[in-house]
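What Swiss-Prot says about this protein:
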BINDING   Arg207, Asn310, Arg349  chloride binding site
DISULFID  Cys43-Cys101  disulfide bond
DISULFID  Cys85-Cys130  disulfide bond
DISULFID  Cys156-Cys172  disulfide bond
DISULFID  Cys390-Cys396  disulfide bond
DISULFID  Cys462-Cys474  disulfide bond
MOD_RES   Gln16  pyrrolidone carboxylic acid
SIGNAL    1-15  signal peptide
SITE      Asp312  site 'Transition state stabilizer'
Amino acid sequence: MKFVLLLSLIGFCWAQYDPHTADGRTAIVHLFEWRWADIAKECERYLAPKGFGGVQVSPPNENIIINNPSRPWWERYQPISYKICSRSGNENEFKDMVTRCNNVGVRIYVDAVINHMCGSGNSAGTHSTCGSYFNPNNREFSAVPYSAWYFNDNKCNGEINNYNDANQVRNCRLSGLLDLALDKDYVRTKVADYMNNLIDIGVAGFRLDAAKHMWPGDIKAVLDKLHNLNTKWFSQGSRPFIFQEVIDLGGEAIKGSEYFGNGRVTEFKYGAKLGTVIRKWNGEKMSYLKNWGEGWGFVPTDRALVFVDNHDNQRGHGAGGASILTFWDARMYKMAVGFMLAHPYGFTRVMSSYRRTRNFQNGKDVNDWIGPPNNNGVTKEVTINPDTTCGNDWVCEHRWRQIRNMVAFRNVVNGQPFANWWDNGSNQVAFSRGNRGFIVFNNDDWALSSTLQTGLPAGTYCDVISGDKVNGNCTGLKVNVGSDGKAHFSISNSAEDPFIAIHADSKL
């Protein structure tokens with residue numbers, strides 16, 4: 001009995017790090033600004049059959065409507081109430097999505113904006129996505145309700161301007177956003193009520209927006225009020241998966257490690273460093289990736305949520321700077337995402353974006369505010385083209401063959417060790433995941449031609465980067481692995497996709 005009790009305690013303590021994905025699924029996708037109706041369809045027609053574990057959705061709560069500039073993406077990070085009512089859909093549409101996605105084994109993770117309400121400079125009125133009245137000037141949010149007492153103005157009535165002062169970062173206003181007093185039990189209860197409504201509907205967990213701007217103890221107090229996950233889809237006693245947005249590139253007062261007790265943290269160094277390596281900036285080479293992960297000063301693998309780019313830094317916001325790779329850099333981007341999905345470090349998130357017209361002035365994209373594809377503010381449907389790509393300016397990187405097939409690769413090699421590393425001292429590298437998968441990259445300016453130890457059983461394999469295994473045949477390159485586990489690889493430096501990946505399920 002003691003042993004069982006101990007196990008259940010350990011299970012309880014560790015639950016917030018577990019994404020609760022179905023049957024060995026190892027990656028989630030951020031369907032940024034998608035409508036709930038489109039996500040429900042995508043779970044059924046694509047994400048479930050292709051092995052995706054879950055979806056991070058945009059903030060579902062009521063937000064301010066900003067008309068200057070016209071309906072920017074960032075208006076969704078300015079809450080007005082906790083009603084589920086946004087340009088992605090209403091509460092019934094949200095419930096339908098969660099039910100349909102869970103029913104096919106795809107989890108939903110909500111982007112929870114709980115540090116603040118809208119910006120202090122906005123005018124009073126009902127210009128919100130559900131028409132709720134608010135008055136930022138006197139801190140009135142009647143649909144919650146919050147009043148001035150529930151904000152941090154008595155601790156700090158100005159902006160954050162010194163990131164070496166932890167008190168300022170956590171008590172002052174982030175970009176003018178009214179900072180909630182999460183040390184007050186009333187505020188904690190209102191936030192927990194919102195999150196519990198979502199948990200009861202069936203979500204599996206939360207991204208905590210702006211976690212660095214909240215005290216870890218205040219976050220814990222909110223998490224302690226949360227319900228267990230809905231037993232219709234999750235085992236009894238399951239706790240919500242938590243990943244906290246903590247931008248810690250080093251050199252500031254606040255460290256990501258302060259948040260480990262609450263859940264995982266977003267490792268922003270990951271995409272920034274990987275981008276620098278793939279771009280070959282600052283003398284970086286892929287051969288240096290041999291000790292990728294903790295060896296590069298990242299948080300421990302079981303505390304990391306990793307990504308190549310996110311909705312902020314793909315448009316120059318947040319963290320990472322110019323090295324961040326995005327869909328605009330398609331060739332390098334596919335290599336970076338391929339490396340991430342092949343490497344065992346961290347829990348992985350794939351980005352799915354929308355296109356906009358960029359306009360660089362003095363190195364800054366002055367169009368970085370533009371919201372999702374829309375008709376007069378109504379978000380456009382995600383249409384699917386005959387070639388399985390998306391229309392209406394939705395990029396759908398998660399549907400690119402090279403990325404979708406590497407999500408499957410990660411599932412196949414799950415739990416296998418990082419092994420059989422090879423490099424040429426420059427930008428040609430390869431490694432296996434035990435005896436289940438092997439990947440090789442050529443990011444040099446000359447051809448790769450080498451016989452390498454794959455660690456895989458003998459046979460003919462289909463390269464899942466150049467093609468697919470269909471009815472026992474391969475639409476791309478074939479790789480022959482000998483009885484000694486070795487195979488010959490040739491990759492031109494001018495190849496559209498200068499990498500090859502094979503795995504147990506791609507064996508012909």
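Residue numbers in this text run from 1 along the chain shown.
Yeah, the Cβs are placed from backbone N, Cα and C, and that goes for glycine too.
Comparing CA positions across the disulfide-bonded residues Cys130, Cys156, Cys172, Cys396, the one lying closest to Asn310 (chloride binding site) turns out to be Cys396. Take the CB of Cys172 (disulfide bond) and look out to 10 A: across all protein chains shown you find 20 other CB atoms. Listed in chain order, the extra residues whose Cβ falls within 8 Å of the Cβ center of the chloride site residues Arg207, Asn310, Arg349 are His30, Gln56, Asp111, Phe243, Glu245, Thr266, Leu305, Phe307, His311, Met351.
Around the Cβ of Arg207 (chloride binding site), the same chain contributes Gln56, Tyr109, Val110, Asp111, Ala112, Phe243, Gln244, Glu245, Thr266, each under 8 angstroms and 6 or more positions distant in sequence. The most densely surrounded of the disulfide-bonded residues Cys101, Cys390, Cys396, Cys474 is Cys101 (count of other Cβ atoms within 10 A of its Cβ). With Cys390 (disulfide bond) as the anchor, the candidate disulfide-bonded residues are Cys85, Cys101, Cys172, and the one with the nearest CA is Cys101. Closest to Cys474 (disulfide bond) in space, going by CA atoms and restricting to the recorded positions Cys101, Cys172, Asp312, Arg349, is Arg349. Cys156 (disulfide bond) sits 31 Å from the residue listed as 'pyrrolidone carboxylic acid', taking the CA atoms of both as reference points. Ranking the recorded positions Gln16, Asn310 by C-beta neighbours within 10 Å puts Asn310 at the top.
The distance from the Cα of Cys172 (disulfide bond) to the Cα of Asp312 (site 'Transition state stabilizer') comes to 21 Å.
Separation of the C-alpha atoms of Cys130 (disulfide bond) and Cys462 (disulfide bond): 51 Å, rounded to the nearest whole number.
In this record, chloride is bound by Arg207, Asn310, Arg349; the longest C-alpha to C-alpha distance in that set is 12 Å. Listed in sequence order, the residues of the same chain lying 6 or more apart from Asp312 (site 'Transition state stabilizer') and placing their CB within less than 8 Å of its CB are Gly318, Ala319.
Under the three-state DSSP scheme, Cys43 (disulfide bond) falls in the helix class. Taking the Cβ of Cys85 (disulfide bond) as centre and 10 Å as the limit, one finds 23 other Cβ atoms among all the protein chains shown.
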